[in-house]
Structures are given as C-alpha cells and as structure tokens.
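J.: What Swiss-Prot records for 7-16, 170-179, 231-282, 349-417, 434-449, 598-608 (among others) is compositional bias 'Basic and acidic residues'. What Swiss-Prot records for 20-32 is compositional bias 'Low complexity'. Residues or ranges marked as compositional bias 'Basic residues' in Swiss-Prot: 95-105, 146-158. What Swiss-Prot lists as compositional bias 'Acidic residues' is 109-118, 491-516, 531-569. Annotation source Swiss-Prot lists phosphoserine at SER164, SER171, SER183, SER186, SER190, SER214, SER222, SER438, SER547, SER588, SER595, SER1168 (among others), citing similarity to another entry. Annotation comment: Swiss-Prot describes THR301, THR498 as phosphothreonine, evidence class similarity to another entry. Among the features that Swiss-Prot reports, domain 'tr-type G' is placed at 629-846, with the record citing sequence analysis. Positions annotated as GTP binding site by Swiss-Prot, on the basis of similarity to another entry: 640-646, 663-665, 756-757, 759-760, 825-826. Swiss-Prot lists 663-667 with the feature region 'G2', giving sequence analysis as the kind of evidence. The region 'G3' annotation in Swiss-Prot covers 702-705. What Swiss-Prot records for HIS706 is active site. Summarising the annotation, Swiss-Prot assigns region 'G4' to 756-759 and lists sequence analysis as the type of evidence.
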Amino acid sequence: MGKKQKNKSEDSTKDDIDLDALAAEIEGAGAAKEQEPQKSKGKKKKEKKKQDFDEDDILKELEELSLEAQGIKADRETVAVKPTENNEEEFTSKDKKKKGQKGKKQSFDDNDSEELEDKDSKSKKTAKPKVEMYSGSDDDDDFNKLPKKAKGKAQKSNKKWDGSEEDEDNSKKIKERSRVNSSGESGDESDEFLQSRKGQKKNQKNKPGPNIESGNEDDDSSFKIKTVAQKKAEKKERERKKRDEEKAKLRKLKEKEESETGKKDQSKQKESQRKSEEETVKSKVTLDTGVIPASEEKAETPTAAEDDNEGDKKKKDKKKKKGEKEEKEKEKKKGPSKATVKAMQEALAKLKEEEERQKREEEERIKRLEELEAKRKEEERLEQEKRERKKQKEKERKERLKKEGKLLTKSQREARARAEATLKLLQAQGVEVPSKDSLPKKRPIYEDKKRKKIPQQLESKEVSESMELCAAVEVMEQGVPEKEETPPPVEPEEEEDTEDAGLDDWEAMASDEETEKVEGNTVHIEVKENPEEEEEEEEEEEEDEESEEEEEEEGESEGSEGDEEDEKVSDEKDSGKTLDKKPSKEMSSDSEYDSDDDRTKEERAYDKAKRRIEKRRLEHSKNVNTEKLRAPIICVLGHVDTGKTKILDKLRHTHVQDGEAGGITQQIGATNVPLEAINEQTKMIKNFGRENVRIPGMLIIDTPGHESFSNLRNRGSSLCDIAILVVDIMHGGEPQKMKPTNLPKPKKCPFMVALNKIDRLYDWKKSPDSDVAATLKKQKKNTKDEFEERAKAIIVEFAQQGLNAALFYENKDPRTFVSLVPTSAHTGDGMGSLIYLLVELTQTMLSKRLAHCEELRAQVMEVKALPGMGTTIDVILINGRLKEGDTIIVPGVEGPIVTQIRGLLLPPPMKELRVKNQYEKHKEVEAAQGVKILGKDLEKTLAGLPLLVAYKEDEIPVLKDELIHELKQTLNAIKLEEKGVYVQASTLGSLEALLEFLKTSEVPYAGINIGPVHKKDVMKASVMLEHDPQYAVILAFDVRIERDAQEMADSLGVRIFSAEIIYHLFDAFTKYRQDYKKQKQEKFKHIAVFPCKMKILPQYIFNSRDPIVMGVTVEAGQVKQGTPMCVPSKNFVDIGIVTSIEINHKQVDVAKKGQEVCVKIEPIPGESPKMFGRHFEATDILVSKISRQSIDALKDWFRDEMQKSDWQLIVELKKVFEII
C-alpha cells in the first residue's frame, strides 16, 4: 500500500507540473484555447475520468474504516439527484485517510464493487449533470489561470503544513452545505457549492496529502476573489481576442489575394527564405543565449489534439525539461562567448540587410501595383467613353429609326418575323408571292378578301408553332437552371453602364442562354459583334479618311470567318484576364448586341449596302477623266417675256413658244444641242476654232421666268453648269429683271447676260449671218448711241447688284466681268456669238466640273402621260449612264417607287423634250442628256427630286431612305392650313409655284396633290363644306379632271377650277370668292347691324312720332339703312328702324362719324310707335341695337366694310348690352 501511495504521490506531482505548464500556456496564448473549445472540453473530461478513477480507489478504501461513513451515506441520499455524490464521498473519505490506512487491503475488493455501482449510477444520470460538469470545467479553467508565483508559494507552504486541520474544516463545510441542500435552499447556492467542491477535488488531485490544506485555502481565496464583474471582464477579454483573430484572418486573406494578383512564385520564395533565415537566427540566438523566443515557447505548447496522444509521454518530457533547465542555468552562469557574440552580430547584420532588401522589393512591388492600377483605371475610363459613344450611337440610330418609322417594338418584330415565316412557307409550298413593287396597280378586285384568309390561317399555324417552340425553350430553361453561367462580380458596373438599354441586356442574356441550351431549335448566329462594328464603321466612313473606309470594307467582305476569329481572340483574352474587369464589359457589350442580331439582319444588310454605295461613289469621284468632257447643262433664266424660249426657238429652229399656253413657259424643258448644230450656228465667228471643241454638245434647259415659278428656276439653276440670263434691253428697272442674277450666285454658277430685243432699237438693220459686233458697227449713229445708252444703264444696274459687267467684245477678264451679248431672238442677231461664248467659257473655266464621271446623277423634271406609252418621266441625266433594264428608285407621292427602265427615249437633236416628238429609242444613254423614261408605276412620281439606280437588290432600302429624306425636306416646306382650298398640279414644280402664288395672294390651302383629279380628291375637298363652304374648291392647274370626279363634285357642291395658266386659275378663283361673298352679304344684311352712336339735335325735330324724323349727329360708328335703334338710358326702349338717311336733301345709304344727317325712324312692325318727348328726350343718346348674331355676321361677311374704330365701338356696346 505504501508503494502505491508513493507512486500516486509521484503521479500527482507530475500532474501538478503539467497544470503549471498549462497555466503558462493559457496566460501566453489563451486565444488558442478559445479557438478549439470543444477539444479542450473533451480533453478535460478524459483527464477528469482518469483522476476520478484514481481518487475513487483511495477514497473507497478509506470509506470502510471511517466512523462517519454512515452519516455521509445519509447525506448522499438527500442529494441523490445532484452529481455531487462522488465528490462528497471523496471529501469525507479524505478526512479520514490517515486514520484508516491499515484496513486498506481488507476493504479493497469491497471498494471495487462499490466503484462499479457508482459507474452505473453515473450512466443513469440525466443531461443536467453533464451541464454541471461543463460548469466545473470552466471553474477549472479559472483555477488554471491563476498566476504561477502564487501557486509556487502555495506548494512550498503545503510541504511544511500538516493536513489534519484542513480535513476537519472540510468535513464541517460539507456538513453545513449538505444541510443547506436538504433544506431546499435556492439552486444558485447549491451550484456554487458544487463548483467549490469540484475545485477542491482538482486541488486534491493536483497535490498529495500534505499539500491539501494550502490548496484548499487557495481555492477558497480564488472563489472569494472571482466576482461577476471579473467574469464579465474575462468574457470581454475572450471576445476581444476572438475579434483580433478574425481581423488577423481577414488581413491574411487580403494579403493572399494581393499576392495572387502579383507574382506568387516570388512571394513564396521570399517567405521561404525569410522563414529559413529567421529559424537559423533563432536557433543561433537560443544556442548562444539560451533564451527561447516567445513564439517558440508558444509553438512548444501542446495543442488539444496532441495532449490526447501525449498522455503517456508526459513523464519523460518533464524529466527532459528539468534536464534542459539545469543545462540552461549552467550556460547562463557561464555567459556567452566571443564567437557567439560575433555570430549574433553577423546574424543581426544579415537580418538588417534582408529587411532592407525586403523593404526595397516591397516598395517596388507597391510601385508596380500602383502603375498597374493607374493603367487599369485609364483603360476603364477609355472603355467607359467607348461604351458611352456606343450608347450615343445606339440612341441616335434608334432616333433615326424612330423618325423613319423603322424602330419596331418586340411585338412588331415578332409579327414581322411571323409574316416572313409565312411568306417563306408559302414559297416553299410553291405559291408565287409577288413583291410589293412588282405588283401592277389595278382597280380593286373583290377576290382579294378571300385570298387574305389563306395567309391568316397559315399565320395562325405559324404562331402556334412559334408558341410551341417558345414553350420548349422555356421548359429547357426551367429544366437546366444549375448550368446558368453566373456572371463575374462586375455585374453592378455592367448594370450601371447599360441603364438606358437595360431591357435589351436582359433580352440579350436570355438569347445567350437559349443559344447555349437549345442549339438544335434556335438559329445559330455566327456574328456577335457585327452590328456594333457596322455602326462604328458607318460613322467612321462619314468622318475618317478614305483609306480607313477601304480597310473596313475589306474587313466586312471577309464576313463571318473574320468575326469568328475575332470571337476566338476575345475568348483567349477573357481566359487570360480573369481578374480584369474588361472581359466582363466586353461580354456585356456582346450581350447588348446579341439581342440585336435576331432583329437586325436587315439592318446589317442595309449598312453593308450603304457602305458599298459610299465606296462606289468614292471610287467614281477618284476616277474622274478630265480629258473626256460631258455636255454642259445650260440654263436659260430671266424675267417673263424677255424672250428666253424665243432664243431657244431660234437656236433650234422650232416654234415651241407658239404652242405654249399664253406663250408662257410653265414647265422646265430640255433641248439637246449636238456638236453639228453648234458648228452650224457659229460659222460666222472668225476666231472660233472648231477643231478645239471638246464638248460633245450642249443640253439647254428652259425655265419659266415668272416670280411664281422661282422654285422652278431654282431647280433649273441647281442643275446647270452655266446660265444665260436674258435681259430685255428696252425695259430697265423691272422687279424681276435683276432678281434672277441672285440665283446663280448662291449656287456658285457662272453666267452670262443676253441683252435681248436689240431689233427693237430704232432703225435697227438685221444681219443674222454676221458677228453681232460687226452688225453694231454697221448701224446708224442714232441706233448706236441708243444701244450704248441702254447698255450702260444695264451695266449700272448690275453694279448696284454688286456685279461687274461689260460687253463681251470689250471684256478682257471673263472671270471677274460678266459678259453682255447683244442678241435678237426675233431676227437671229448675236445668236452665234452667244453659242461661241458658251463653248469658250465651259471648256476653259468648267473643265473640272464637266469631267466625265461614272457616278450617276439624275433629276426628275416632269411626269407626263403620253398616249400609247403610259406615264413617262422626263429626266435630266447630269452624270453617269442609264441602261435599259436598270432598277431605278424615283420619288413618289406615297413614298419612293421602285421600277425597271422599260425604255429610254431621246427626242431628235434640236427638239424640245417636253414637246411631243417622234422619239428615238436607246439601249444606253450617257450624260448629259434630257431623257424620257418608260416604266411601270410611274403615275405617282414626284418631279423635282433625284432619280437613283440600285445595282444590287440590297441597295434599294438605302436609296429609298435617301429619297424619303429629300421628299420630307421639300414637303415640310409646304405648310397646310386647317381651312383652305385643295390644290392639284401636274408637277411638283408647278405645284410649288401655285402654292407660292396663293401664299402671296393670302389664299389658304388645306390640301395638296400631284396628278389628275380623282374622286378621292373631291372627297377630301368636300370636308371644307362643313367648316367653310367658300373653300370647298379644287384648284386644278394643268391637270386632267376625271369624269366621275366632276360628277361627284357637282353632286356634293364642290367647285373645280381648271386652267393651264396660273394667272387664269387665280382669276377664276378670286371671281368665285367675290361672288360667293356677295351672296352671303345679301343673305346676312338684315342680321348684320353696324354699330353707331347718335346725338339728337333738339332744334331739328321735324316729326316726333310715327315716323320720327329728326336731325342727328353721328358721334361714332356708321349709320346704315335698316339699323334698329334703341335708347339705353330709358331701359333700352326700341324706338324703331332707320329707313332713310338724308344729307343736304340728298338720300344716302351710309352716314359716317362726325356727319350731321336727317334720319327717318319708322316703328318696329307689331309694336306701338314711340314718341319723342314721352319715351325719350333730346338729352338721350341713340345707339344701334346689336346682338351676338349680328356681330358674327359682321366678322364673317362685312369685315372689309368695318374700320378699327367700329370694332372698338362694338366692344363698348357689348358691355352696354351685356353680350358675351
């Protein structure tokens, strides 16, 4: 037994040392314990079990010998529910340990059996004791946290003290506490008691018999000191440590991320070097000084997991530690040697160097990172700007499409797609689907309604199919939600960037998913970034140089292959830069435009065609041949009746002017003058080198001269290369004579002046076969003087316009001085000189302008219906060439018309294009020519706008848009009124002329149209019958009126005025308006009451009653026959109606303000006659009795007869009569 006790005491000392080490660990690195609370608890439980087992053996041996065993058992029964049973037994038995050591062996077997019983009782316990065990372990922790020094002192004192006193005290305390528990005191006290018991048990376990008392004293003192505040403080301390640890972890994570973005390998190498160096330094330090660094001490402390495994090795470790300590103490006594000091110094120097090197590297790394960050920010900024530009372009594109009416909503796009699908289906089934343009314009056939049912059925089928497909896609999407690729964490930025087009982005994402999941069902779109590139290219082509345009075009021609390569490159970039934000942005931009791919196939084709057209135009502008000249377009301008057409007639030997309505040109005509005719006309000019003529001929355009046709003049002079301004030498200072000179100036068109009608000079002798300069010399002196005088006057007028002018034979500088050519269209004098000058000027000054160019430029001048040919268009071909069979796009009333050229007709040389001739048919026509084009659907063509040729089918929509833009500009200039006449003309030019004329004449127009008058035009005009019947009129200028339209107009009451001359039309309309007004005035003359105010002259009362005849002064307004009079001052008494007015015994209809007249006032029929002196006095003012109806009648039909003062009087009388 003695041996056993000795062994046990040794074990307890070892445990004591162990606990000391643990306490040190807790003080140094309490955080580690908190990190793994569960492990530590498990460890303590195991330790507790071992200790309980050792103590149970001893105590149960002592239990049999003790005298107070029975009393303790009774106590145990009272506290059966509590887990303090064993503890009480242990404490009571320990009190009697020394008394009963002899009977230990005898009762050893009994103790074993009791031990088994105790274990069974422990297993039967509920969860409550477990919780108390944990509480006990917490107290143990508290105990372990006590400082080392205090414990050491306590141990030393324990060796000296005797344990008997402590045993007695313990037994007393146990009894008292058991009584408290049995008497049912509060549970808190029992808990405290249990904790104290467990603490004491720990002390007993840690220290052998002689040290029991001091341990208990320590325990008691620890429990006394530990208040609630202390516990809270400790808890706070633990929480703080936890927070510190979390922060440290976060820091580590951040450092890791930074190191990952940087060069990982270098950082690892540095760390490994640093660690190795530190270890070497530490090992040297420990060897030299014997001082273990705190970090190593911490490392040496065993973890909770190691403690379980190292339970058996504790003894050996402790012995080793003791040995080490002794060695260290010896080394300390000796002190460090010189070698060690030197080694330490070297190590420190190395450390310093290493630290400096690391510092430098760290600074370099930070600098690099900063540079990278700056670079990244710059890239982000550029990317942002790029995105904003794209957004702006997209916005502009959408606005453009919106303006053009091409911006479709999702539903519209779907509808279009369905329609396209139905068309394809019809074509697949073999049904011929004619194109919109190729359909012949026919009268409506009622079979169409039946035909429409077939496509509707097919469309419904198509809709159902598309619905099924959509449903399938949705099912697939629902079925595979896990596979959705989560976008990188730059999503919020992406959302910010695409706020404007947010909906498009979501659509794009959906479309991306669909393409990934349902590749079989969906159409695979090869080109992702194409629409965006095309947008950019389109803008760049407008702004950048030609070379860039060519490169882009080449890139475009490569097609989908190049785009796929681009995609691969972008994919590689994405994989390379995972942490960079750029790829995600690229993806976002892709996704933005992916959604466009479905709906912008047409747009892509449109852009491609647009670029092709632009490139072709550029190439043509480069390949200009200055050696080969085209025929110049010569425009004849001038005032009406100056003889423009007559000059051309003389040139052509025709009589066009005689055939014109009223001898006035109202349309633009064109004449081709061949080279032979030029040579013929200029044969009398001596210095004219016929061999040097490079131009193939001339195209002369005749324009109307009247002011109302200024737009036609404008149109003509915009085409022409050089202009002839015809001025009548006999009439100076005409309003329009100098006006045409303003036309060529803004157009930068050179011009020359023909001083026409020189044959009107007195005693002029004609000589058409000689030069005009020679002819002038042959004239008499008086004729010469008159000519010079008139010519000088015209030169002065030009000078007033800011132009230098001189007679052509005196002009030495044609660039600065305008040449004046005296001509006579009647006799033919000066015509040769005129043509000679034209040829000279065009060849010398306009060679670049006349250089041959393949780029087509043509203008529609007139639209004419010819018998046997249908509707034809007269076109001035300025540049390029036209071939039979070309697809042309011409402007139309209801939009651009696409048609094929059926025939190209040219009038014979020297014949007017607009006059019916025996036309010559050509397969191809070169510029410059006046051509008549035959084709389908040309009825609604608008004159005055360009004609375009589409060489490929995809160019048609681009050219259509160009024409629509042109047409919008011209029609926006025409502003319609709510009330007004309906105007129809044969051409856009004449329509504009007529509208200009109506505007100056203050005639409002509510509707316009070009072409013959149909029933629909009459219907439109009839709307005015409801608003204002005087404007229910159609002014038809130079157009045919359909018979059914005339019949309908007659039945509805719409007047149609038709005339071939603009002035006749206007005269007819003004006459109609006047007649209509007279009718209305006659109708409303009894309702309309003119305002007047009269003062009675009391000395001129000729008859006071029935009728009242008296003299009055008109104070305001005007008195007319039939004006009802009343007296406002006498309760508005009606005195009668003015039947006659006399001035100086002469009867008049009206008496104005300030006149003294005699009036005869007859009583109102059916009323008693009023009397002067009874019903009204001489002091009373007489006024005309007005009403709302009378005021309206005056406004509508008698406005011309009213003056401003009359309207002011009406306002005054309205207040008197309280008229609203």
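Using the three backbone atoms N, Cα and C, a Cβ is placed for every residue, glycine included.
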J.: Compute the average pLDDT of the predicted model within the region 'G2' (663-667).
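T.: Summarising the region 'G2' (663-667) by its mean pLDDT gives 48.
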J.: In the same chain, who gets a Cβ under 8 Å from the region 'G4' (756-759) while lying at least 6 residues past its ends?
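T.: Long-range Cβ neighbours of the region 'G4' (756-759): 638, 642-643, 646-647, 726-730, 766, 787, 822-827, 829-830.
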J.: What count of other C-beta atoms do you get within 10 angstroms of the C-beta of ALA825 (GTP binding site), across all chains shown?
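T.: Result for ALA825 (GTP binding site): 25 other Cβ atoms within 10 Å.
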J.: Determine, to the nearest whole angstrom, how far the Cα atom of VAL640 (GTP binding site) is from the Cα atom of SER1168 (phosphoserine).
T.: 68
J.: Tell me the coarse DSSP state (helix, strand, coil) of ASN756 (GTP binding site).
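T.: DSSP assigns ASN756 (GTP binding site) to strand.
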J.: Would you kindly give the Cα-Cα distance separating ASP759 (GTP binding site) and SER1168 (phosphoserine), rounded to the nearest Å?
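T.: It is 82 Å, counting Cα to Cα.
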J.: Look at each of the binding-site residues, LYS644, LYS646, and point out the one with the fewest other Cβ atoms around it within 10 Å.
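T.: The binding-site residues LYS644, LYS646 were compared, and LYS646 has the fewest Cβ atoms within 10 Å.
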J.: Write out how many residues of the compositional bias 'Basic and acidic residues' (598-608) are helix, how many strand and how many coil, based on DSSP.
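T.: Across the compositional bias 'Basic and acidic residues' (598-608), DSSP assigns the residues as follows: 10 helix, 0 strand, 1 coil.
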J.: Are there any residues at least 6 positions away along the chain from ASP759 (GTP binding site) with a Cβ closer than 8 Å to its Cβ? List them or say none.
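T.: Within the chain, ASP759 (GTP binding site) has Cβ neighbours under 8 Å at LYS766, SER824, HIS826, THR827, ASP829.
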J.: Quick one, of the recorded positions VAL640, THR642, SER1168, which Cβ has the fewest other Cβ within 10 Å?
T.: SER1168
J.: Taking helix as H, G and I and strand as E and B in DSSP, count the residues of the compositional bias 'Basic and acidic residues' (349-417) in helix, strand and coil.
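T.: Counts, helix then strand then coil: 64 helix, 0 strand, 5 coil.
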J.: Using Cβ atoms only, which residues of the same chain lie under 8 Å from ASN756 (GTP binding site) while being at least 6 residues apart in sequence?
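T.: Within the chain, ASN756 (GTP binding site) has Cβ neighbours under 8 Å at GLY638, THR642, GLY643, LYS646, ILE647, VAL726, VAL727, ASP728, ILE729, THR823, SER824, ALA825.
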